[in-house]
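K.L.:
Have a look at this one.
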């Protein structure tokens with residue numbers, strides 16, 4: 001059988017991915033030639049599901065035999081990945097079957113009773129929920145709703161996140177709910193909201209096949225989004241005019257394709273962005289008509305601090321960080337801005353000349369000019385991609401705003417092949433954390449708890465009395481850790497994340513709070529992670545296709561899957577855990593008498609009755625479950641619906657969808673998603689939207705409007721004047737190196753799943769310290785030698801790697817964070833972007849010495 005060119009490219013991408021992980025791939029599988037079917041093959045049932053890993057949203061076919069997932073393969077009908085998977089995707093069938101899978105609740109006990117210093121003992125779900133409910137009720141009585149908190153996930157299904165938002169913000173009346181997406185996507189959210197007044201990318205992956213240039217800012221797509229990278233590679237190699245520019249603080253695998261490769265000093269991306277804006281203006285490449293019609297100019301607050309504790313010297317000196325000043329009043333607001341003119345903006349960026357920015361950043365003048373010309377040339381369609389390099393940044397919101405500035409100045413936005421695109425790291429950081437609104441300040445569909453109209457709208461949809469949802473922003477992720485340490489947060493439920501490994505400054509801020517005698521920590525997880533082992537109660541969780549789910553990917557694509565197999569032992573989904581836990585609370589336990597008086601019908605009811613058996617969520621009978629899914633799986637059911645007697649997922653989804661329909665976040669009817677490979681919202685009249693804000697593509701832009709940034713009432717986007725500022729902590733004489741943390745191709749985040757896949761674990765069994773050979777030589781170190789890396793906060797032992805995939809410049813070291821045996825986040829600083837509250841994991845000062 002002769003392969004066509006696309007098959008060849010797929011085979012090459014697969015082979016490269018496999019080779020990187022040291023795994024052999026059978027040629028027939030790589031080139032798409034099907035092996036002859038056997039009797040065993042016939043017995044395997046196949047069904048669609050989105051991949052469990054990153055936010056790309058690849059789809060796979062899941063093979064089930066005798067109640068177990070036995071195989072997965074790329075879904076050839078999936079528009080995102082077109083049958084191709086990365087190396088992690090090819091081993092999805094093994095992520096649920098680690099030998100140490102948790103199958104029963106575990107509670108710390110001594111002498112038969114709960115004791116924070118006790119050992120883990122298996123208990124029943126009833127006993128687990130009894131102790132949980134007792135701790136929650138005690139805290140609600142003594143501390144009120146601010147004494148409890150939940151740390152969720154961009155890996156929650158859409159309805160798990162929605163159930164959590166209802167339970168916390170409506171049931172417990174606490175906004176202390178935040179997702180681990182705070183660590184990865186919060187700066188993207190605030191960047192979108194400040195510039196456009198509405199969240200999530202205006203473009204889609206279809207841009208790749210229509211663009212002339214790709215610019216990567218702090219994004220190693222070759223390893224972190226390899227399927228999208230394979231599409232960019234195809235575009236670049238098939239079209240000689242296409243260019244790729246890659247900017248990073250160190251050289252990684254994405255540099256292999258780069259026409260323009262730039263290594264810049266940490267934090268100086270801000271200066272480079274302002275230079276590009278200056279170049280566009282001084283060379284008269286501004287799209288004047290577009291700017292006049294569609295843009296407002298603003299100057300942002302600048303002395304905003306670094307999100308450290310209020311007592312830190314950097315926060316005491318800051319004048320606009322929002323912390324209480326000497327008079328007890330907030331010192332400004334880091335999110336503030338004032339209107340300016342185009343001329344004032346032009347003057348502001350004029351100081352960022354090529355020569356000055358070259359000196360600041362270390363990028364040559366020639367490289368800077370070549371990059372700026374890509375953006376400035378009206379004939380070149382450009383897509384900018386970024387991930388954690390921008391977002392995990394003490395000026396992450398600014399970085400997002402500033403890349404939008406460039407696209408808005410040139411009008412290269414909201415059209416095929418042109419646009420800025422924030423890539424996502426988790427499978428539903430967009431669909432669940434952002435769209436559902438599981439952040440401490442958000443409600444569904446971009447609404448916020450501080451807006452009385454938004455609260456009222458949510459209360460109407462949820463059937464709640466006015467005033468139920470609190471108006472004060474809750475604790476964000478880093479603030480939750482600090483509050484636990486300080487004894488202000490007493491009860492804490494952590495699900496579908498591993499913050500004891502992934503969070504910043506573990507020794508200084510996270511572990512002390514979890515082991516604080518005043519706190520009670522619950523972790524829901526499939527495996528005994530670092531977080532689970534530090535908890536007081538561990539709840540075994542179902543994962544991926546052990547439940548019915550939905551994810552929303554980076555291009556606004558919502559994808560649904562059916563439950564394929566049962567979870568082992570007594571493991572249960574996060575959705576079941578939250579709904580079941582809600583039964584333990586009468587409304588009198590959580591609401592004030594005044595609030596209950598506004599709706600007497602709720603008296604004596606449980607939170608389950610009020611939130612989930614409310615006439616809307618329980619609207620759809622079990623017959624719908626069979627009707628929607630019967631042609632795919634005979635006698636289909638799912639565990640949650642079977643437990644509660646109604647189609648739980650459909651009820652939650654349709655209630656949630658009320659928030660977005662008619663408000664620019666329209667979702668299709670629930671049943672439709674079971675038939676298709678996802679749809680990109682807004683979905684209006686059955687049609688998905690590929691490009692937002694532009695007439696002819698977006699149903700919310702009327703005929704004759706051309707471009708309309710309807711997130712803002714005036715239909716305009718904002719360009720912000722924002723300066724380059726240094727990092728919160730920089731190398732000095734003692735701690736003389738920058739530390740950057742991140743990921744590798746073979747492992748995902750903290751390795752909870754990938755390190756339990758034997759092939760992936762063998763490929764990269766432990767984390768290493770990537771160091772420049774000259775830096776190693778100057779310290780008397782050799783490749784493979786054990787060293788101690790230390791910051792002001794902690795130290796760990798690692799082996800030095802002076803070769804390999806990551807080539808760091810002198811003065812910087814890189815360490816991935818997947819290895820629970822080498823907790824690099826003991827060293828990181830808990831500084832955040834003061835606007836987004838997202839942690840900067842890319843910059844702190846360390847030293848390296850022989851162990």
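Cβ atoms are placed via backbone N, Cα and C, with glycine included.
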K.L.:
Quick one: which of 273-294, 295-316, 317-338 does Swiss-Prot have down as region 'Disordered'?
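P.N.:
Region 'Disordered', as annotated by Swiss-Prot, spans 317-338.
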K.L.:
Provide the number of Cβ atoms within 10 Å of the Cβ of residue 547 (Mo-bis(molybdopterin guanine dinucleotide) binding site), excluding the reference atom itself.
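P.N.:
Taking every protein chain into account, the count is 28.
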K.L.:
For the region 'Disordered' (317-338), find every same-chain residue at least 6 residues outside the stretch whose CB is under 8 Å from a CB in it, and list them.
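P.N.:
Same-chain contacts beyond the ends: 190, 194, 298-307, 310, 718, 720, 834-835.
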K.L.:
Using DSSP, what's the helix, strand and coil tally for the domain '4Fe-4S Mo/W bis-MGD-type' (44-100)?
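P.N.:
The counts are 6 helix, 20 strand, 31 coil.
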K.L.:
What's the CA to CA span in angstrom from residue 817 (substrate binding site) over to residue 218 (Mo-bis(molybdopterin guanine dinucleotide) binding site)?
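P.N.:
Their Cα atoms are separated by 17 Å.
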K.L.:
Can you tell me how many other Cβ atoms are located within 10 Å of the Cβ belonging to residue 251 (Mo-bis(molybdopterin guanine dinucleotide) binding site)?
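P.N.:
For residue 251 (Mo-bis(molybdopterin guanine dinucleotide) binding site), the 10 Å Cβ neighbour count is 19.
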K.L.:
Where does residue 817 (substrate binding site) sit in the DSSP three-state scheme?
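P.N.:
SS state of residue 817 (substrate binding site) = coil.
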K.L.:
If you measure residue 58 ([4Fe-4S] cluster binding site) to residue 251 (Mo-bis(molybdopterin guanine dinucleotide) binding site) at Cα, how many Å is it?
P.N.:
26
K.L.:
Across the domain '4Fe-4S Mo/W bis-MGD-type' (44-100), what does the mean pLDDT come to, as a whole number?
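P.N.:
When the pLDDT values over the domain '4Fe-4S Mo/W bis-MGD-type' (44-100) are averaged, the result is 97.
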